[in-house]
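Undergrad: Quick one: the structure is below, questions incoming.
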Amino acid sequence: MHGGQGPQLLLLLLATCLGAQSRNQEERLLADLMRNYDPHLRPAERDSDVVNVSLKLTLTNLISLNEREEALTTNVWIEMQWCDYRLRWDPKDYEGLWILRVPSTMVWQPDIVLGNNVDGVFEVALYCNVLVSPDGCIYWLPPAIFRSSCSISVTYFPFDWQNCSLVFQSQTYSTSEINLQLSQEDGQAIEWIFIDPEAFTENGEWAIRHRPAKMLLDPVTPAEEAGHQKVVFYLLIQRKPLFYVINIIVPCVLISSVAILIYFLPAKAGGQKCTVATNVLLAQTVFLFLVAKKVPETSQAVPLISKYLTFLMVVTILIVVNSVVVLNVSLRSPHTHSMARGVRKVFLRLLPQLLRMHVHPRAPAAVQDARLRLQNGSSSGWPIMTREEGDLCLPRSELLFRQRQRNGLVQAVLEKLENGPEMRQSQEFCGSLKQASPAIQACVDACNLMARARHQQSHFDSGNEEWLLVGRVLDRVCFLAMLSLFICGTAGIFLMAHYNQVPDLPFPGDPRPYLPLPD
């Protein structure tokens, strides 16, 4: 057992000695490099030398885009490379040591900051170590969570896309002191934001369409001042509108459809129609308030969804106005309003045929003349009309009464005539007719009075029915008009969003895709 532990102890002591020796070499190298080293001085052998600083941005997470604050929050890794002639060494002098890890606060830094931050945090999240190679080149990859400003265009919200950027510049050095440039790989400049598929977390609201990078010179800032040169990383992102479609647009469309369906209520139910339309209007106001809390408070543009909600509110208000007008027309009567001939022709003949509506046909002219004769009457008290006219004007009960009355008189005359032309019987017959004449006349007058009253009531009911039919036709016309307006307006507004697509190329007029070449 003791013999098996001997080799293990020997290997452990050998590894400890080698580690201590290697650590001693790093300590010795670090002590040699940091001797008389000043991290505040620019690493230039001559004053005219320019230090080249390369930048590369790796995006790990697009956290959020706050539309109201116009702030983009991202989680990134900033890769910076530069060379410091004071940190060179010969690996042979340090037993082949090729990489030295040095705290970033101990070496000179190019003072690169995010120029368009919104929270005042210019520094990285963690000052990790830098990697120094024997030729003095430094590689630094600190992580950072940045909140950068992003101008929001709300014109097509929620079917919009935004162009955000992260602007990096040196806070203290001008173009004559350092030269900012994009990192290179295989002789090609990395003109895009690098995304590692294994480390990147997809955002649930935004999709990245383009991610170019550019080196820009600010024409406003003089070249001898800091901030003249900038490295800008762009993010062209498109919103995923499913959340707003499901939670705002679809419920609003369904609620607005209820306002359209109130036309299926009777024309006289104007009060119920106005109540339903008012409730729909209140619901649309709530949706508009929810949208207003999401978008920035700007007067430069009106969001597309706000335009649509306003359009639906206008349609609902028009429906309320239509309901009031239809109710006013439906409750008219011949005593208050006389129907013009043109109104009767358009709303009772022409439009019902076009709309395939079933309305009661208008009475023929012969019946109208008979009604006038019945109202005027004759001097003898009998209405001057034919049998066909009477059949068309009088109700069935009055026709039966009049028929029995006529049959009784004829039957009495026939009975008197059957007994022969005796003088006595003729005189008795004439006397009986003379005695019965006032009673018959009173009966006839009473029948004519009842007929006139019945006719007046029938005329009044017919007038009410005509106004009600006009209201029905007007209600149907308004329904078709509002339905067409609702469909066309909805389709037109959302077709505007369909044509608002992210361009195929990130910069107009520049044919380069700013993406890595395919393998």
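The count begins at 1 with the first shown residue.
Cβ atoms are placed via backbone N, Cα and C, with glycine included.
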Undergrad: What does Swiss-Prot give as the disulfide partner of C150, choosing from C137, C164?
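TA: Recorded disulfide partner of C150 in Swiss-Prot: C164.
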Undergrad: With respect to Swiss-Prot, which of the residues N52, N376 bears the note N-linked glycosylation site?
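TA: Annotated as N-linked glycosylation site in Swiss-Prot: N52.
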Undergrad: May I ask for the distance between N52 (N-linked glycosylation site) and C164 (disulfide bond), taken between their Cα atoms and rounded to an integer number of Å?
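TA: Given the Cα positions, N52 (N-linked glycosylation site) is 27 Å from C164 (disulfide bond).
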Undergrad: Please identify, from the glycosylation sites N52, N163, the residue with the sparsest Cβ neighbourhood, meaning fewest other Cβ atoms within 10 angstroms.
TA: N52
Undergrad: Give me the long-range Cβ neighbours of C150 (disulfide bond): same chain, 6+ apart, Cβ under 8 Å, in sequence order.
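TA: For C150 (disulfide bond), the qualifying residues are L65, E70, A71, L72, Q162, C164, S165.
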Undergrad: So, in DSSP terms, is C164 (disulfide bond) helix, strand, or coil?
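TA: In three-state terms, C164 (disulfide bond) counts as strand.
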